[in-house]
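As recorded in TrEMBL, the features of this protein are as follows:
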- 30-51: transmembrane segment (TRANSMEM)
- 71-89: transmembrane segment (TRANSMEM)
- 89-376: domain 'FAE' (DOMAIN)
- Cys232: active site (ACT_SITE)
- His311: active site (ACT_SITE)
- 394-474: domain 'Beta-ketoacyl-[acyl-carrier-protein] synthase III C-terminal' (DOMAIN)
- His395: active site (ACT_SITE)
- His399: active site (ACT_SITE)
- His428: active site (ACT_SITE)
- Asn432: active site (ACT_SITE)
Amino acid sequence: TSAPPPSKERRMSRFSGSVKLKYVKLGYQYLVNHILTFLLIPIMAGAAVEILRLGPHEIIAVWNSLLRLDAVQILCSAFLIIFIATLYVTSKPRSIYLVDYACYKPPVTCRVPFSTFMEHSRLILKDNPKSVDFQMRILERSGLGEETCLPPAIHYIPPKPNMEAARGEAEVVIFSSIDALMKKTGIKPKDIDILIVNCSLFSPTPSLSAMIVNKYKLRSNIRSFNLSGMGCSAGLISIDLARDLLQVHPNSYALVISTEIITPNYYQGSERAMLLPNCLFRMGGAAILLSNKRRDGGRAKYRLVHVVRTHKGADDKAYKCVYEQEDPQGKVGINLSKDLMVIAGEALKSNITTIGPLVLPASEQLLFLVTLIGRKIFNPKWKPYIPDFKQAFEHFCIHAGGRAVIDELQKNLQLSPEHVEASRMTLHRFGNTSSSSLWYELAYVEAKNRMKKGDRVWQIAFGSGFKCNSAVWKCNTTVKNPVDGPWSDCIERYPVHIPEIVKL
């Protein structure tokens, strides 16, 4: 027999208790976060009372004593104030602004519905039905939708991943993104001072950055960089590099391109661990314009606040958990280790330990510190306190590496479904677009008209090596009804329900 439902009085008591606990927590947070204000108020009040106790003659005497200071004292004081102010201004880092960005939107002809993907798998792997079944199970649970895209060369049977096709994909993705960005910002090619391109697995000669210089006839003194082999978190590494360069080169624009070229990296073997990327990775790219010019502060969408990078490559398991290699038949692919999520969790812990003190309010830092001390001194079995990052950020952009990645971060950071909505919907609509996925997620938040002035955004990405990188942005201006972007023709349909298993 089932237990009787709780009485009305008991339900009201529980509700009352939860409300009281909520207000106790809010009161604690307000008190700790404003502790300096609460300490200064009594001091200022005491000083005001003492001043009021002085008579008019005593106040005039104090004023006259101040006026008796000689010229040398006045000059020394003025010099000291000017020196401190100059030192502060010169040592303060330049503000780095994200003027705007653009994401590549693949054409309808590149779409890969589930039925098409599985039909191709059956034809390509006709001698290995177990691998076909494995890919079907992965796709059913992947969280991807029917509109993700693969480059034209992969649509052939068998695929034709040659150098010419790879260059063609790189040109259409990168050039389309740059053209869209230049149209949005009005920037000219000659205005670009710094160029950074990140693409992990496709590294031709001349480089992709040289390809862009040639296409847009960029200046001969441009500072160009091409980052390869750095995984899905390379986009934030590019942002970090751009920030450092903009700190030492005043009055400059930095163009950052984040992409992954799929064509030459489509695995055609039958090793299960190497078939996973075929099911998850899709076509995509983004172009981002950064500036350190003060006049761009008014029109820029965001200001860069922090970049925190964590590298776990010293550990052998972490180093090899995402590893490019040949299978026994000599076919090259990416091997994803079964320990990937455990290693990602450890990298995340290291990263949030660093970023926490930079962004969390004092109330959360105090609770974390007290719990840490308690576990070290009193009882190691105490449950560790997980800081509430929802107090530090309004929006979360978690790398859409796969459903398991998003699930793990949602659990570890105690986020609501709304906080991870942008990541899940990006995975559903565009798949894992590697380093550019964070920008599709940011575009989703903007397309939903959720980005308000003053909002804080946390971008989190994982990459081979193994790396976990974070970037924190603050919104400069409310983003209203963007008419362009990758979500312009489908945002009304989102969010959609994504079942645990899609039966194929």
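Just so you know, glycine gets a Cβ as well, placed from its N, Cα and C.
Applying DSSP to the domain 'Beta-ketoacyl-[acyl-carrier-protein] synthase III C-terminal' (394-474) sorts its residues as follows: 34 helix, 21 strand, 26 coil. The two recorded residues, His395 (active site) and Cys232 (active site), have Cα atoms 20 Å apart. When the Cα of His311 (active site) is compared against those of the active-site residues Cys232, His399, His428, the shortest separation belongs to Cys232. Sequence-distant contacts (6 or more apart, same chain, Cβ under 8 Å) of His399 (active site) comprise Cys232, Ser233, Val405, Ser423, Ser437, Leu438, Ile460, Ala461, Phe462. Counting every protein chain shown, the Cβ of His395 (active site) has 23 other Cβ atoms within 10 Å. Annotation: His428 carries the greatest number of neighbouring Cβ atoms among the active-site residues His311, His428 [cut-off 10 Å, Cβ to Cβ]. Confidence over the domain 'FAE' (89-376), given as mean pLDDT on the 0 to 100 scale, stands at 92. Neighbour counts were taken at the CB atom with a 10 A radius for the active-site residues Cys232, Asn432; the maximum falls on Cys232.
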